[in-house]
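Notes for the one structure printed next.
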Amino acid sequence: MIMTMMQTVRAWQQESDVEHRKQHKQRWRPDGAHISAAYDLNSDNDDGHHRVVHNQNNGSPNSSPNQSTSAFRQRQPHHPPTGQQPPRLPCTVTHFSAHWKTLLILLTLLSASTLTASANVTSTISPPINGSSTDYILLYGESTTSLVPALTTGLSGDGSGAVIEDEEDAEKASEYIFDRTDVRIIFITLYTLVFCCCFFGNLLVILVVTLSRRLRSITNFFLANLAFADFCVGLFCVMQNLSIYLIESWVFGEFLCRMYQFVHSLSYTASIFILVVICMERYFAIVHPITCKQILTAARLRMVIVTVWITSAVYSTPKFVFSKTIKNIHTQDGQEEEICVLDREMFNSKLLDMINFVLLYVMPLLVMTVLYSKIAIALWRSSRGLTPHVVQHQHQQPQQPSCQDIGMGMHNSMYHHHPHHHHHHHQHHQLQSAASSAGVVGVGLGGGGGGGPGPSLASGGSSTTSLSRKQSSKYEKRGVSITESQLDNCKVSLEADRPIVSACRKTSFYHHGHAHHQRAGNASVGGGSGGAGAGATHMSHSSSNVLRARRGVVRMLIIFVLTFALCNLPYHARKMWQYWSRSYRGDSNFNALLTPLTFLVTYFNSGVNPLLYAFLSRNFRKGMKELLLCSWKKGKGKSSSNSSMHHKRKALQTHSLPTDTTHIGNEQL
């Protein structure tokens, strides 16, 4: 097009030069005199003839006044020497007139070519309908709605802005990366795996926590809400996000488009907020157990969960308001295509994404890093004194452990609700005082009393002792009931609590067995030197388990923080690159693949949460196994459970000592 315009202008310039040479001619005579001639432009000389005015006065040209109005006369320069070429004529008004005409014609052609090129680009280049919603800008005219890509793919890749005229090049430039079969297979496989983790994994967590009586606690209540939020991510976000890139048109309607954007933001936001709440609950339960008992009651924790969901819903409301479906009629086959996008002209997209980056990534990551670091430091420091020598010294001079020391031993404090819990609260403290007077304290797990449920270890451990025959007959039934409650509490503990629970159970069984072998009839347990030596052996073994467990908790906390940071970083990094870097190209194949991959990694965090927070617990795995096998082992399991409880009660009443306390202590977890 530009070459055609240049050739046309050059032809017009040549015609103008010919016309100018016709109007101004200069003829030289052999004697050196010159003749100035001009064509008369009057209507009298339409035949093309011209008048020649001879000048004989020293060779200088002269024009008649009568002809000045009807003919154009050019004053000639002096006669040049013989043998030299005559000088060029200076530019005249006719030259300016011809140039102005040329400029006007050139400007007209340029404007016409610009309009034609823009019309061709608008009509021939259609946006990739399967692209991400972030790569579109919605332009609303007075009567029509057009959808234009943020970076037009119809331009050449060198950035020069030249329009692709070759049809073959245009087809290559408009080829969509997700139309390739291998790319489709890879993404369908990856999205299916993430969907299965999010859907089935979190659904299993919800069922196990809800149906298993042993897992009904406040901490698991948080995990169940986290699993529900991640379950919504798998149900409403994963496959819908994949469909944007694979199908040609949104077929679910405008309302479901709004609901998709709303639920996508709601579940993602609630999942992050619940992770922060779980982190805060663990911090108070481990580092400040007494404060946790006073502040984090069951009613308040339920209000916290309700507040999290309401806040997430309010925060996600703009996604419901600004979402809509857009019809694209500029397709090659003439069919209408519909996509679900956010109307980014109704709000500041950059500002909203920056707020999401701060509230949903930076602040949660900072809070979890600080609190989990404090938990790790507290557990690591408390593990320094857990050596056999120190434990033996503490056993020889027994003293009741503090709430903070016990709280540090439980990285996941559990909250329990027993029907007889508050009824036996007074007798529970009587037994504690009796055990303290006897000089022996077990590392038991007691339920919290008072105004609400509290941490099991933070409320003071219930001591397991053998009283005198007279006192034992009075509290025998209640004492057995409390011991069974302790065993149930031990079962609810998570994986990292196993060493301390083992110590609890070993100490309890040891004291009962030692009382059975004591034939002197004394009322206290472990008062003799033999009891101290045996107790030191058991406590030395349990202290090493506690040390390993606490260091394992530190490693697990690091995994929690790193998982959240790594899974959510790619999405926010891509957003920051899109807004703050000039090298970002939304039309490139790399970015076309990068966008769904960042979503996929974010969804993977919702799929891996149940693996980290639930499946690492042996107690949870037992509850899951019971849930899966309860259909055909229901009767057998019930009979075996009753028989086991009968033998357990008989063993406690007869004060018999099991032969392998380590096996029994670990079997319950």
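Cβ coordinates are placed from backbone N, Cα and C, and glycine is handled just like the others.
For 1-90 (among others), the entry in Swiss-Prot reads region 'Disordered'.
The annotation compositional bias 'Low complexity' is assigned in Swiss-Prot to 55-74 (among others).
The list of residues near the transmembrane segment (185-205) in space but at least 6 beyond its ends in sequence, with Cβ under 8 angstroms from a Cβ of it, reads 178, 223-224, 227-228, 230-231, 233-235, 238-239, 241-242, 245-246, 596, 600, 603-604, 606-611, 614, 624. Look at Swiss-Prot and you will find 185-205 (among others) tagged as transmembrane segment.
What Swiss-Prot records for 218-238 (among others) is transmembrane segment, and it gives sequence analysis as the kind of evidence.
Annotation source Swiss-Prot lists transmembrane segment at 270-290 (among others).
Per Swiss-Prot, transmembrane segment is recorded for 303-323 (among others), and the stated evidence type is sequence analysis. Away from its own ends, the transmembrane segment (303-323) comes close to residues 221-222, 225, 257-266, 269-270, 273-274, 277, 340-344, 346-347, 352, 359 of its chain (Cβ-Cβ under 8 Å, at least six residues beyond either end).
Swiss-Prot lists 351-371 (among others) with the feature transmembrane segment. When Cβ-Cβ distances below 8 Å are used as the criterion, the transmembrane segment (351-371) is approached by residues 268-269, 272-273, 275-276, 279-280, 282-283, 315, 318, 560-561, 564-565, 568-569, 572, 575-576, 579 of the same chain, each at least six residues removed from its ends.
For 390-481 (among others), the entry in Swiss-Prot reads region 'Disordered'.
Residues or ranges marked as compositional bias 'Low complexity' by Swiss-Prot: 390-401 (among others).
The compositional bias 'Basic residues' annotation in Swiss-Prot covers 414-429.
Residues or ranges marked as compositional bias 'Low complexity' in Swiss-Prot: 455-470 (among others).
If you look up Swiss-Prot, you'll see 515-537 (among others) marked as region 'Disordered'.
Per Swiss-Prot, the feature transmembrane segment maps to 553-573 (among others). For the transmembrane segment (553-573), the residues of the chain that approach it from at least six positions outside its boundaries are 275, 279, 356-357, 360-361, 364-365, 368-369, 372, 375-376, 379-380, 411, 496, 597-599, 601-602, 604-605, 608, 612, 616, judged by C-beta separation under 8 angstroms.
The annotation transmembrane segment is assigned in Swiss-Prot to 596-616 (among others).
Taken from Swiss-Prot, the feature region 'Disordered' covers 635-669 (among others).
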